[in-house]
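Feature annotations, courtesy of TrEMBL:
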TRANSMEM  28-49  transmembrane segment
DOMAIN    37-285  domain 'G-protein coupled receptors family 1 profile'
TRANSMEM  97-116  transmembrane segment
TRANSMEM  137-158  transmembrane segment
TRANSMEM  196-220  transmembrane segment
TRANSMEM  232-256  transmembrane segment
TRANSMEM  268-287  transmembrane segment
């Protein structure tokens, strides 16, 4: 027979193990839904002739970005959940930061591009085919990818040059810039943080302001032109939902001061924009869009 203290320790270990297995299963399910859902959108946009328009061209790229974005963090989180030592090399950490910021910044720019596309379609419908030509669509997508890549390259390079002479423990789910800066012992930490946040803010705030300005013009056009544009505005609701989730949670994580008491809230918000939003995007667009639902029915 086991003694009482030993039994208590074994029960505690068993409970912790069950919790980790449950979390691992949840993350596995989220990743599976994310990849399959976004892959379905990419395939539909590619195969269905009715979806060969600028709006769905951008949606296909957004879905591909979401697959890449979630693949930066979720496989590592899943691997760590089954490992007793949850570690990552310094090079691996900087690499994760680069790709996370690259895909995140590109998604910010692409969401702004999609808002601009809706603005042209609703406010300038007669000139829309000329203004949003195939060449323009490819240029806007290229600018989105290049902006995210260039900004993240500079941020990752500056972060890699910071001295880390104290604790090497990051109390977070994965390597993310604000939490890595907290363990740096640089005498110019404030200056480094200001430079890094300025680069990230330029992409994020620029994209958000462009999205906001586009929707101000869209709402104004809907109010002035009446019923004719209200149906067109219905195509914007899915995009507005995704923008609100992505920018809202990201702004709280990056702009609100962090404290030890808000650790759980930081992780929940990080999971919202880094893990949950890429999973919800295809669900939101498919459930609220009749053309996508029609393409799914046709494919089935």
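Counting starts with 1 at the first residue shown.
Backbone N, Cα and C atoms are what each Cβ position is placed from, and that goes for glycine too.
Note: TrEMBL annotation is automatic and uncurated.
Within its own chain, the transmembrane segment (137-158) has Cβ neighbours under 8 Å at 54, 57-58, 61, 94-95, 97-110, 113, 116, 177, 192, 195-196, 199-200, 202-203, counting only residues six or more beyond its boundaries. Only sequence-distant pairs (6 or more apart) were considered; of these, fewer than three Cβ pairs between the transmembrane segment (28-49) and the transmembrane segment (196-220) are under 8 A, so the stretches are not in contact.
Long-range Cβ contacts of the transmembrane segment (268-287) within its own chain (Cβ-Cβ under 8 Å, at least 6 residues beyond either end) map to 27, 30, 33-34, 37-38, 40-41, 59, 62-63, 66-67, 69-70, 73-74, 100, 104, 172-174, 176, 238, 241-242, 245-246, 248-250, 252-253, 293, 296. Over the domain 'G-protein coupled receptors family 1 profile' (37-285), the average per-residue pLDDT in this prediction is 81.
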